[in-house]
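Before any comments, here is the structure.
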Amino acid sequence: MADPITIYGTPVVQGVAYAPALWVRRPELPPESAPALPEDVREAEVSRFLDCANAVADSLMNRASKTTGQAADVLIVTSSLATDRAWTKDVSKRIRDGIPAIQAVMKATERFVVMFETAGGVMAERTTDLRDVRDRVIAHLQGVPEPGIPDCDCPFVLLADDLSPADTASLDTNVCVAIVTQLGGPTSHTSIISRQLAIPCIVAARQVDQIASEVPVLVDGGTGAITTGIDEAVALEKVRADAARLELIRSWTGPAQTSDGVHVQLLANVQDGPSATSAHESGFAEGVGLMRTELAFLDHPTEPSVEEQARSYSQALLAWSGSKVVVRTLDAGSDKPVAYATLRDEPNPALGVRGIRINGIHPNVLANQLDAIAVAAMTAPDTDVWVMAPMIATAAEARWFAGLINERNDVFGVSLKAGVMVEVPATAILIDQIMEYVDFVSIGTNDLTQYTMAADRLSANLAEYSDPWQPAPLALIRKVVKAGLRLGKPVGVCGEAAADPLLACVLVGMGVTSLSMASSAISGVGAQLGQVSLEQCRAAADALVGAFDGGDGRYRARQALGIE
Ligand code: PEP
Ligand code: MG
């Protein structure tokens, strides 16, 4: 047998799978131009187009009704694109001008794709959805089946350049054992849904097109390796070994500790009262490490009153009576636009007026929110309430924010702790000075990586850069943690890095005091920590110094932790 060949991508969901590859490719588009339509058939062509768009919307809604959670949400959003008024109006107008429906759909979609890409952020991510809707409507217009994953009764590893959300969301995990895409970032739909499906997933595997359908492949979602030409018995042994890891996760009950009994505080990321309550009910978290308050207000056209906000925060704080809850003030802007706080039409919103900077244009929004948090804290006297500001970039901002918290403590008779997020490299660089003014800091690895690597965290083409395993953001994290240890201030991590079981070990080895993540990720991280000693975690953290890139970092950490 020839030597095995391995290619690498960015690992998103851990797990090992072995099965023949199955390629899913987007259909070829019809020619861009076609003879003009005679005037007397144009209205009928508009009706035919609208019927097809409605049929696509209905079929996506039908799939949504058969699934749950984020998969259902994604299908509902995609379905609404098929009947979006601006898009259908644009297509209809082109048809009335004489362009046949198929070409009108293609032209209108390209216009919207450019608009979405110019808007950036989450809107840019929607372009895959829009192109998917285009392909489905065109299939209906041509009278052929909608494009998608072919029916297959035997297990397969799905290979694609980029999967449409609708295809990912309706995958049958009885037969699809892993997903590998050539594009896609850690926050793409493919990644979000494969986390929910809990099947191994690797994105940004640039060379995956070297692998043909039907070739057996071993996918390791922990290392990002995709191997062909491997002996079947060896591959199946690796799959069996991974089943033992899954069993450890299933039986893990917490609280988290390393194999030598060192406690690690694992906390939940939530967004409002209901999600805080369900995180508490799931029973694994020891508190809340990040309450993203802006997510509760994304669809509010105007600022909610202090009373309304206080009610929402109070519900979350009461759910965690006796524990710690870290509330983050509004991080509106960029990928989380909030109508009443965000500036429109910024040329570069990720570098614009977001997070704490909103205070410059809406000074009352932060003041009102802090009043609401203080009022909520009064209703939950047994909850340890920590409050932190996003996007802090200077020592002056940190000192000013801590001052605002202390004012609330005096006025409302509460004991809020004041902290800042470390998301901007400037904050990490000046961390010693900044820490003097605050009680704690929490590292937002999503933005810290984005800004350190100058790579849009939502870009499907930059997954290698948006990787928290990159040596540069890890060097900044190490610096911040060292400052915390020196000054005796807690340093938590609340970005996606905390939810990566391997990286969590590295962060613990560096000395972080808590890790906060989606509640669904806690047992995976806890089970992994239970397999390694603090000494191994420290060795893994040390081994990363001098790594060349994210992949090299992962390799070094696995070696140091004794993970194959
Ligand atoms: C982060 O940037 O890592 C973070 C936790 O904040 P968000 O993802 O909400 O921007
Ligand atoms: Mg952030």
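Glycine is no exception: its Cβ is also placed from the backbone N, Cα and C atoms.
What TrEMBL lists as domain 'Phosphotransferase system enzyme I N-terminal' is 9-126.
The annotation domain 'PEP-utilising enzyme mobile' is assigned in TrEMBL to 157-224.
Look at TrEMBL and you will find H189 tagged as active site, tele-phosphohistidine intermediate.
Confidence in the domain 'PEP-utilising enzyme C-terminal' (253-531), given as mean pLDDT, stands at 94. Per TrEMBL, the feature domain 'PEP-utilising enzyme C-terminal' maps to 253-531.
In sequence order, M391, M421, E423, V424, R457, G495 constitute the residues six or more apart from D447 (phosphoenolpyruvate binding site) in its chain with CB-CB distances below 8 Å. Per TrEMBL, the feature phosphoenolpyruvate binding site maps to R292, R328, N446, D447, R457.
Here TrEMBL flags E423, D447 as Mg(2+) binding site.
The active site, proton donor feature in TrEMBL is assigned to C494. Following the DSSP three-state reduction, the secondary structure of C494 (active site, proton donor) is coil. Of all Cβ atoms in the protein chains displayed, 29 besides its own lie within 10 Å of the Cβ of C494 (active site, proton donor).
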For ligand 1, pick out the recorded positions R292, E423, N446, D447, R457, C494 that have a CB under 6 angstroms away from one of its atoms. R292, E423, N446, D447, C494
Roughly how many Å separate the Cα of N446 (phosphoenolpyruvate binding site) from that of C494 (active site, proton donor), to the nearest whole number? 9
Among R328, N446, R457, the binding-site residues whose C-beta sits under 6 Å from ligand 2: N446
Other CB atoms within 10 A, centred on R292 (phosphoenolpyruvate binding site): 18
Spatial separation of R328 (phosphoenolpyruvate binding site) from C494 (active site, proton donor) - C-alpha basis, Å: 11
Restricting to the same chain and to sequence separations of six or more, state which residues have a Cβ under 8 Å from that of R328 (phosphoenolpyruvate binding site). L290, M291, R292, T293, V387, M388, A389, P390, M421
With every protein chain in view, how many other Cβ atoms are within 10 Å of the Cβ of N446 (phosphoenolpyruvate binding site)? 20
